[in-house]
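Beneath this line is the structure, given in structure tokens, with notes to follow.
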Amino acid sequence: LVDRDPVKTSFEEWARPGHFSRTIAKGPETTTWIWNLHADAHDFDSHTSDLEEISRKVFSAHFGQLSIIFLWLSGMYFHGARFSNYEAWLSDPTHIGPSAQVVWPIVGQEILNGDVGGGFRGIQITSGFFQIWRASGITSELQLYCTAIGALVFAGLMLFAGWFHYHKAAPKLAWFQDVESMLNHHLAGLLGLGSLSWAGHQVHVSLPINQFLDAGVDPKEIPLPHEFILNRDLLAQLYPSFAEGATPFFTLNWSKYAEFLTFRGGLDPVTGGLWLTDIAHHHLAIAILFLIAGHMYRTNWGIGHGLKDILEAHKGPFTGQGHKGLYEILTTSWHAQLSLNLAMLGSLTIVVAHHMYSMPPYPYLAIDYGTQLSLFTHHMWIGGFLIVGAAAHAAIFMVRDYDPTTRYNDLLDRVLRHRDAIISHLNWACIFLGFHSFGLYIHNDTMSALGRPQDMFSDTAIQLQPIFAQWVQNTHALAPGATAPGATTSTSLTWGGGDLIAVGGKVALLPIPLGTADFLVHHIHAFTIHVTVLILLKGVLFARSSRLIPDKANLGFRFPCDGPGRGGTCQVSAWDHVFLGLFWMYNAISVVIFHFSWKMQSDVWGSISDQGVVTHITGGNFAQSSITINGWLRDFLWAQASQVIQSYGSSLSAYGLFFLGAHFVWAFSLMFLFSGRGYWQELIESIVWAHNKLKVAPATQPRALSIVQGRAVGVTH
């Protein structure tokens with residue numbers, strides 16, 4: 001299944017800029033060359049039309065990507081080992097903040113090193129690494145060093161693998177298209193054995209070490225990981241059933257293991273994180289599911305599922321040929337494959353964002369509010385990018401890989417044939433959502449300005465309670481006992497029902513109340529998401545042709561206009577739809593992050609007195625303030641931004657500078673988005689004239705950015 005030595009390793013070849021393209025390799029005539037070089041370097045489709053060669057390049061590039069990821073991880077662990085207060089934080093996580101970066105005293109920058117507690121001065125980090133390290137049982141900086149070195153070794157291995165599997169032993173196309181085998185290995189190997197080994201690590205290393213840490217034992221006194229693995233008596237002291245070894249497993253007396261494989265639900269009141277015994281149980285269960293799933297598909301033996309059969313059998317009474325032909329699409333178009341994967345992974349990433357705060361998985365994560373906010377923001381943004389990427393690659397598939405002559409009356413063909421109905425209805429839904437959701441706010445602003453609070457939509461006047469959401473919350477809060485035997489509490493405290501959990505005088509989590517304010521902003525979310533989908537879906541469904549430009553497929557994925565003499569055909573390419581979709585994705589996620597930040601500070605996060613009185617960070621003002629646009633501007637945007645803007649001269653000044661810098665970058669983007677190409681070309685011509693006059697003109701002709709290039713630079717900034 002492999003070819004030996006298919007491509008020779010040549011440093012001379014790599015050193016030649018643009019070696020992958022005949023035109024670019026000729027060298028620059030104009031400055032457009034450098035843009036084309038960057039645009040096409042990784043567009044393997046443009047290098048060759050041979051699917052096997054493209055597949056090999058993608059496969060090899062994945063190893064390069066993994067190498068970079070290991071390098072990054074190594075850097076994170078190295079910072080933890082070399083520059084951090086991890087051991088101090090471990091001994092007192094409620095009073096000491098995590099820091100892994102100390103700024104050198106150059107031109108006064110050491111002002112950034114704030115006091116994070118315990119006499120350590122540095123920048124407080126919000127990545128959540130300390131919490132993960134504690135959960136995985138890392139007790140010393142030496143262990144972090146070892147892990148960092150291990151990650152570097154793996155980075156080197158991955159780099160080697162990328163070279164080896166392209167230049168020395170490159171898989172044949174048949175190997176890339178053997179989906180059943182791939183599914184079996186990925187499910188059973190990566191997900192199954194991966195989860196099983198993690199569950200094993202948690203049971204044998206994380207659980208005992210965290211038991212000791214929770215009990216207040218000094219990290220230096222705790223036995224090292226290998227001692228727990230080699231010495232069963234150590235574990236048996238904490239979990240007596242360990243003394244029996246594997247006997248209960250083989251005699252099916254599994255309840256013996258209930259000490260360390262639990263099903264409690266809720267949070268550990270000591271750390272404010274999920275019970276680590278629940279997490280270990282979860283990974284064991286997941287491992288078993290995936291190990292079974294990894295044996296479902298038919299390979300060398302004549303048993304199991306065949307993907308092609310499953311897809312072709314999948315048709316309903318109203319859907320024509322159903323999924324017939326989908327198998328061929330997904331095994332010959334990597335763009336189509338990638339599109340599906342991005343859509344699913346993007347959605348999953350957003351689900352992760354919501355679980356990180358509602359079911360905080362690591363010890364002391366819930367009371368580290370900055371980290372909670374950062375993790376939510378990070379996962380929302382990544383999810384948004386992946387979903388827009390899904391639309392981008394779906395459109396590239398439509399333009400480059402879709403063959404309309406062989407597709408008839410399957411689901412994709414049927415969707416394309418009634419795309420006008422889909423898009424016009426979706427457009428109507430967007431208009432409806434936009435006017436109504438915004439209209440509710442405008443109504444409230446107007447009534448507020450007229451001094452008529454009794455006529456506003458609010459929890460104290462005209463109520464618009466999110467009754468369905470409240471019903472879902474209530475159902476989950478009542479679920480333990482009714483549905484899940486043995487579970488003492490519901491999956492998340494946010495559903496309601498339980499008492500709040502406080503750790504070190506700070507609220508970890510409490511039932512999150514939903515009211516009129518949430519109902520209003522929820523419909524803004526619905527509006528922005530639907531508009532994003534409208535733009536992206538229109539780009540995909542009209543990527544090959546439209547009434548305006550019937551031959552769009554011939555123009556490619558990105559083009560500025562349909563040539564001279566065709567007015568009104570600019571910015572219609574599939575690429576332009578991705579460009580516009582990105583802006584709406586930014587829009588949508590901004591509102592989500594605003595909602596989350598304010599809601600959590602107002603109704604969840606805060607301190608708790610000895611008498612049990614909770615004081616929230618913004619004093620519970622979300623319900624009454626966020627129901628007007630003015631409230632959002634005054635009590636959220638200005639109230640929070642003013643603290644950042646006034647941070648100059650304090651250890652927080654970096655955030656003020658970032659805030660300022662981010663707005664500069666944003667303003668800079670407008671220069672590219674509102675620019676006329678001809679204006680710049682004209683300006684360049686006169687600058688070139690001046691250079692010629694002084695006989696210092698370069699051989700490479702300067703060119704203004706093309707329309708598409710300008711928009712690319714703009715949207716990036």
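Keep in mind that glycine also has a Cβ here, set from the backbone N, Cα and C atoms.
Sequence annotations record features per position, and here Swiss-Prot assigns transmembrane segment to 58-81 (among others) based on sequence analysis. Away from its own ends, the transmembrane segment (58-81) comes close to residues 42, 44, 100-101, 127, 129-130, 133, 141-142, 144-145, 147-149, 151-152, 154-156, 158-159, 161-163, 165-166, 171, 176, 334 of its chain (Cβ-Cβ under 8 Å, at least six residues beyond either end).
Summarising the annotation, Swiss-Prot assigns transmembrane segment to 144-167 (among others).
Among residues of the same chain six or more beyond the transmembrane segment (183-207), those with a C-beta under 8 A of the stretch's C-beta atoms are 135-137, 225, 228-229, 235, 238-239, 260-261, 276-277, 279-280, 283-284, 286-288, 290-291, 293-297, 299, 307. Here Swiss-Prot flags 183-207 (among others) as transmembrane segment, drawing on sequence analysis.
Look at Swiss-Prot and you will find 279-297 (among others) tagged as transmembrane segment.
Annotated transmembrane segment per Swiss-Prot: 334-357 (among others), in sequence order, evidence recorded as sequence analysis.
The feature transmembrane segment is assigned by Swiss-Prot to 373-399 (among others), with sequence analysis given as support. Among residues of the same chain six or more beyond the transmembrane segment (373-399), those with a C-beta under 8 A of the stretch's C-beta atoms are 126-128, 329, 333, 335-336, 338-343, 345-350, 352-354, 356-357, 532, 536-537, 539-540, 543-544, 553, 556-557, 574-575, 577-578, 581-582, 585-586, 588-589, 592-593, 596-597, 600.
Summarising the annotation, Swiss-Prot assigns transmembrane segment to 421-443 (among others). Non-local neighbours of the transmembrane segment (421-443) in the same chain are 415, 456-457, 464, 520, 523-524, 526-527, 530-531, 533-534, 537-538, 541-542, 627-629; each lies 6+ residues outside the stretch with a CB under 8 Å from one of its CB atoms.
The feature transmembrane segment is assigned by Swiss-Prot to 519-537 (among others), with sequence analysis given as support.
CYS570 ([4Fe-4S] cluster binding site) falls outside any helix or strand according to DSSP and counts as coil. Just so you know, the Cβ of CYS570 ([4Fe-4S] cluster binding site) picks up 13 other Cβ atoms within 10 Å once every protein chain is counted. Look at Swiss-Prot and you will find CYS561, CYS570 tagged as [4Fe-4S] cluster binding site, backed by sequence analysis.
If you look up Swiss-Prot, you'll see 577-598 (among others) marked as transmembrane segment.
What Swiss-Prot lists as transmembrane segment is 652-674 (among others), and the listing cites sequence analysis.
The feature chlorophyll a' binding site is assigned by Swiss-Prot to HIS663. Using a 10 Å radius centred on the Cβ of HIS663 (chlorophyll a' binding site) and all shown protein chains, the other Cβ atoms total 10.
The 10 Å shell around the Cβ of MET671 (chlorophyll a binding site) contains 12 further Cβ atoms across the protein chains shown. For MET671, TYR679, the entry in Swiss-Prot reads chlorophyll a binding site.
In three-state terms derived from DSSP, TRP680 (phylloquinone binding site) belongs to a helical segment. The phylloquinone binding site annotation in Swiss-Prot covers TRP680 and rests on sequence analysis.
What Swiss-Prot lists as transmembrane segment is 712-717 (among others). Within the chain, the transmembrane segment (712-717) has long-range Cβ neighbours (under 8 A, six or more residues past its boundaries) at 579, 582-583, 665-666, 668-673, 705.
Counting only same-chain residues 6+ beyond the ends of the transmembrane segment (334-357), those with a CB under 8 A from a CB of the stretch are 54-55, 58, 365-366, 372, 375-376, 378-380, 382-387, 389-391, 393-394, 396-397, 400-401, 509, 596, 600.
Rounded to a whole number, the C-alpha distance linking CYS570 ([4Fe-4S] cluster binding site) with HIS663 (chlorophyll a' binding site) is 29 angstrom. Note: the Cα of TRP680 (phylloquinone binding site) and the Cα of CYS561 ([4Fe-4S] cluster binding site) are spaced 19 Å from each other.
Neighbour counts of Cβ atoms within 10 Å were compared across the binding-site residues TYR679, TRP680; the minimum falls on TYR679. Outside the transmembrane segment (519-537) by six or more residues, the chain places 387-388, 391, 422-423, 426-427, 429-430, 433-434, 436-438, 440-441, 457, 464-466, 469, 577-578, 580-581, 584-585, 587-588, 591-592, 595, 626-627 with a CB less than 8 A from a CB of the stretch.
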